[in-house]
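Structure record follows, encoded as structure tokens.
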Amino acid sequence: MRVIRILCLLWVAEAFVLPQQLQLHRSLSVPLALTTTPSLSSDENVPNELQDAAISSTNNNRLYSTSFSVMKAMLGTGLLSLPSGLAAISNDPSSLWAGCTFFSLIAALSAYTFALYGRLTHAYFPKAHNLGDLWQAVYADKKSTLIPFSNFIYCFGCALAYILVIGDSVTSLIGTRWSNRSASILAVAGGILWPLCNLQSLASLAPLSFVGVTGTAFTTAFLAWRCPVFQPTSPYATAGSFHTYNRVASPAPLLLIAMSCVALMAHFSAPEFYHALTGRKSNQAAIKDESVLNQFHLMTGFSYTVVTLISMAAMAFGFLTFGANAQGIILNNYPAHDWGAKVSKSLIVTSVVGGFPFVFDACRSAALQLWGKGREGETKKVTALLLSILTGMALFVKDAGFVISFNGALTGTAIIYTYPALLYLKHTSKDVTRKTKDKLERYFCKFLVGFGFACSILGAITAVLHSYFPRVLGV
């Protein structure tokens with residue numbers, strides 16, 4: 001109950017205290033428009049106690065709001081793929097404990113690298129407004145295209161997964177009698193997504209992020225309600241397949257790592273979240289202000305703890321219900337006549353439709369940064385080209401779980417593990433007076449570089465083999 005009350009307070013803070021920050025999740029590379037905090041110290045008539053109280057209240061509200069935004073950035077379609085990721089390893093219910101422990105370790109690593117991005121942003125404040133700026137500041141390379149290219153690939157994969165989720169959910173909701181999957185995708189892409197992607201401002205779509213949080217919470221509760229372990233009379237008591245295989249010694253765990261990277265991804269916006277906590281665009285005093293960095297660490301710990309618990313719950317309930325039969329998006333296992341599934345799918349579709357323009361905008365911005373000049377006519381052409389490619393691919397690619405795992409492996413692991421470790425190693429390379437703790441952290445970051453690179457290559461290959469050539473893996 002205490003956690004629920006805290007989440008409710010965060011919701012209120014997000015809605016009424018700092019509504020400008022609703023766009024934090026909008027773009028993963030475009031600098032965030034930050035709010036400024038009025039200075040109270042210039043008014044000599046204001047008592048110091050009132051000044052301190054007002055500043056403390058503002059900082060706390062900003063912390064609550066930003067923490068909620070970090071959680072919103074992570075809670076989404078990635079969470080819905082986790083049951084299938086665990087099922088790829090084993091369909092023995094006893095493996096759930098090992099799976100949750102494994103996921104917790106991945107979440108801890110993700111939280112560490114997210115905090116590492118914050119530390120690096122603090123060290124290069126106020127230069128690093130986004131991940132691209134941070135890379136340029138650390139490497140002093142203004143011509144690097146690594147971050148924009150990674151941004152483009154990752155957001156393109158997310159946009160494709162979004163369309164697949166929309167197509168599957170809409171088809172399930174209205175029934176194949178009235179529309180098939182291809183018709184649903186074409187209708188939504190042309191009638192809804194195309195106009196939304198051409199909006200001059202996406203601010204009006206920001207409130208739909210609340211639908212995403214509500215949908216995730218409701219879906220997790222629905223998965224628990226329909227789980228036979230908790231409700232023996234569940235209509236899905238015999239829907240699962242268990243105790244037939246264990247692939248722990250195979251490359252299968254790489255799939256869960258890849259899917260977890262998408263479920264725990266907020267790293268592209270880490271510098272923007274740090275700047276949101278400062279409440280100012282540029283202030284040299286903030287460079288020495290350790291309180292902002294401490295708040296960032298507190299925000300990281302709280303946000304990742306809550307998201308980890310919710311994600312493990314969804315993974316556990318879906319896995320214990322369907323086992324080896326868990327589909328790439330767990331809601332696809334539930335028929336439309338189940339009213340709980342219908343509500344969950346409706347909320348998720350609304351959230352995904354509202355979130356698609358933000359992801360698409362980040363993808364388009366990266367494409368223009370890499371290959372275009374950003375003229376209005378060019379922007380419209382890129383919009384039409386990208387949306388056409390995404391829609392065409394969605395007609396042939398059926399499994400959103402594959403897209404999530406492949407995207408998470410190919411770019412997610414690099415963004416979460418490889419890039420922050422490389423940035424830290426470069427940042428500390430000229431420090432000749434390293435303490436033992438710093439030396440150990442450098443060794444750990446070197447491990448993360450290799451770990452991220454191996455997961456990226458091997459994970460992407462495993463995702464392709466598991467979905468299209470399962471016999472190679474002995475599936």
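Even glycines carry a Cβ here, placed using N, Cα and C.
Sequence annotations record features per position, and here TrEMBL assigns domain 'Amino acid transporter transmembrane' to 65-461.
The signal peptide annotation in TrEMBL covers 1-15.
The transmembrane segment feature in TrEMBL is assigned to 70-89 (among others).
Positions annotated as transmembrane segment by TrEMBL: 96-117 (among others).
Tertiary neighbourhood of the transmembrane segment (146-166): same-chain residues 28-29, 77, 80, 131-132, 135, 184-185, 188-189, 193, 262, 268, 329, 348-349, 352-353, 355-356, 359-360, 362-363, 366-367, 369-370, 386, 390-391, 393-394, 397-400, 403-404, 406-407, 410-412, 414-415, 419, selected by CB-CB distance under 8 Å and a gap of 6+ residues from either end. Taken from TrEMBL, the feature transmembrane segment covers 146-166 (among others).
Residues annotated as transmembrane segment in TrEMBL: 202-225 (among others).
For 252-270 (among others), the entry in TrEMBL reads transmembrane segment.
The transmembrane segment feature in TrEMBL is assigned to 301-322 (among others). With a threshold of 8 Å between CB atoms, the same-chain residues lying at least 6 positions outside the transmembrane segment (301-322) that come near it are 3, 7, 67, 70-71, 74-75, 79-80, 82-83, 85-87, 93, 96, 99-100, 103-104, 107-108, 110-111, 114, 216-217, 219-220, 223-224, 226-230, 234, 236, 239-241, 260, 263-264, 266, 330, 333.
Summarising the annotation, TrEMBL assigns transmembrane segment to 382-398 (among others). Away from its own ends, the transmembrane segment (382-398) comes close to residues 156, 159-160, 163-164, 167, 182, 185-186, 189, 193-194, 197-198, 360, 363-364, 367-368, 372 of its chain (Cβ-Cβ under 8 Å, at least six residues beyond either end).
The annotation transmembrane segment is assigned in TrEMBL to 404-425 (among others).
Within the chain, the transmembrane segment (446-469) has long-range Cβ neighbours (under 8 A, six or more residues past its boundaries) at 88, 109, 113, 251-252, 254-255, 257-258, 399, 401-402, 405-406, 408-411, 413-414, 416-422, 425, 475. The transmembrane segment annotation in TrEMBL covers 446-469 (among others).
Counting Cβ pairs closer than 8 Å and at least 6 residues apart in sequence, the transmembrane segment (404-425) and the transmembrane segment (96-117) reach three or more and so form a contact.
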